[in-house]
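Peer 1: I am attaching a structure below and will ask some questions about it afterwards.
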Amino acid sequence: MSKPLPQAIFLMGPTASGKTDLAIRLREQLPVELISVDSALIYKGMDIGTAKPDERELSLAPHRLLDIRDPAQSYSAGDFRTDALKEMADIVAEGRIPLLVGGTMLYYKALLEGLSPLPASDPDVRAGIEREAQEKGWHFLHEELVRIDPVSGARIHPNDPQRLSRALEVFRISGKTLTELTKIQGEPLPYRVHQFAIAPKDRAVLHQRIEQRFEKMIEAGFEQEVRALYQRGDLHPDLPSIRCVGYRQMWDYLGGNCDLDEAVFRGVCATRQLAKRQITWLRGWKDLTWLDSNDGDAALQTVTNSIRCDV
């Protein structure tokens, strides 16, 4: 008889839905270790605007995959899958259960379904692309990408050299476009996954939470946090880090494109739009159990019962 696959828990949900609070309570009840699934929490020096767990929360429930990139660096779904699989294996080796918590749905999808077989990076090919960029400019290379792979060309900004370089590198190594290769399915996740999504039943409650959270961020020094990033001089609004909701709007304020009240208003609106996209993803998600943010005890009981009954 084959050995059963190890358990894992996905705790998904829109921003400001109470994922972190529930995850901390779950760690008190179950032998779990937390892995962050959030494309904003990976960045160092971006704590307030991302609502990164604070020292008290991390002391109660340490999170893996926080603060692993500088804001000038990119981080792909493939990078996440590699890192998450390693952390999950380490947690299982310790006799515990991986609890993946966050709202970056693309990361969950990559982890659950696997990724396309993209070629490994080739330093020589990458160096050749860098030389061309220095001679002709990234906009010239972006035009080349649009010709060979219109879908990727439309998705990748000319001022995002890391992603632009990778798309060209993939084509030059494999002879196939990034769009072609990403249609090929990868290896599925070798775990028994219990999937949960937490959100308030009333959308108005979520909107209120988002607005209150943004106000608290401003009070906690969000403007000063973004100003420190702005003054570095090596960051720009086309980087994935600065495109994070809240940061892009505050960046516009610091650049003189709007006043602070307008930046806050835009930030709240952008966060609401993010939550709407996350909920849309989740509504189409298979094998998902919904939890109500307004009934934390029931949510806790639902998850713990599911895990304890699956032995």
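A Cβ is built for glycine as well, from the same backbone N, Cα and C atoms used for every other residue.
In case it's useful when we look at the structure, here is the feature table from Swiss-Prot:
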- G13, P14, T15, A16, S17, G18, K19, T20: ATP binding site (BINDING)
- T15, A16, S17, G18, K19, T20: substrate binding site (BINDING)
- 38-41: region 'Interaction with substrate tRNA' (REGION)
- T104: site 'Interaction with substrate tRNA' (SITE)
- R126: site 'Interaction with substrate tRNA' (SITE)
- 162-166: region 'Interaction with substrate tRNA' (REGION)
- 243-248: region 'Interaction with substrate tRNA' (REGION)
- 276-283: region 'Interaction with substrate tRNA' (REGION)
Peer 1: Pull the DSSP breakdown for the region 'Interaction with substrate tRNA' (276-283) and write it out as helix, strand, coil residue counts.
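Peer 2: Across the region 'Interaction with substrate tRNA' (276-283), DSSP assigns the residues as follows: 8 helix, 0 strand, 0 coil.
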Peer 1: Please list, in sequence order, every residue of the chain apart from T15, A16, S17, G18, K19, T20 whose Cβ lies within 8 Å of the Cβ centroid of the substrate site.
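Peer 2: Going along the sequence, the neighbours come out as G13, P14, D21, G103, I198, R209, S293.
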Peer 1: Cα distance, T104 (site 'Interaction with substrate tRNA') to A16 (ATP binding site), nearest Å?
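Peer 2: A16 (ATP binding site) to T104 (site 'Interaction with substrate tRNA'), Cα-Cα distance: 13 Å.
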Peer 1: Cα-Cα separation of G13 (ATP binding site) and R126 (site 'Interaction with substrate tRNA'), in Å?
Peer 2: 37
Peer 1: Quick test of the contact rule: Cβ under 8 Å, at least six residues beyond the ends. What residues does that give for the region 'Interaction with substrate tRNA' (276-283)?
Peer 2: 12-15, 103, 105, 197, 199
Peer 1: Round to a whole number and give the Cα-to-Cα distance in Å for the pair T104 (site 'Interaction with substrate tRNA') and T15 (ATP binding site).
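Peer 2: Taking the Cα atoms only, T104 (site 'Interaction with substrate tRNA') lies 9 Å from T15 (ATP binding site).
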Peer 1: Of all the recorded positions here, T15, S17, T104, which one's CB has the most other CB atoms within 10 A?
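Peer 2: When each Cβ's neighbours within 10 Å are tallied, S17 tops the list.
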Peer 1: Using DSSP, how many residues in the region 'Interaction with substrate tRNA' (243-248) fall into helix, strand and coil?
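Peer 2: Here the numbers are 2 helix, 0 strand, 4 coil.
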Peer 1: Measuring Cα to Cα, how many Å separate G18 (ATP binding site) from R126 (site 'Interaction with substrate tRNA')?
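Peer 2: Computed Cα spacing between G18 (ATP binding site) and R126 (site 'Interaction with substrate tRNA') is 42 Å.
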Peer 1: What mean pLDDT score does the region 'Interaction with substrate tRNA' (38-41) have in the model?
Peer 2: 98
Peer 1: Does R126 (site 'Interaction with substrate tRNA') have same-chain partners at least 6 apart in sequence with Cβ under 8 Å from its own Cβ, and which are they?
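Peer 2: Result: S165, E169.
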Peer 1: How many other Cβ atoms sit within 10 Å of the Cβ of P14 (ATP binding site)?
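Peer 2: Counting Cβ neighbours of P14 (ATP binding site) within 10 Å gives 29.
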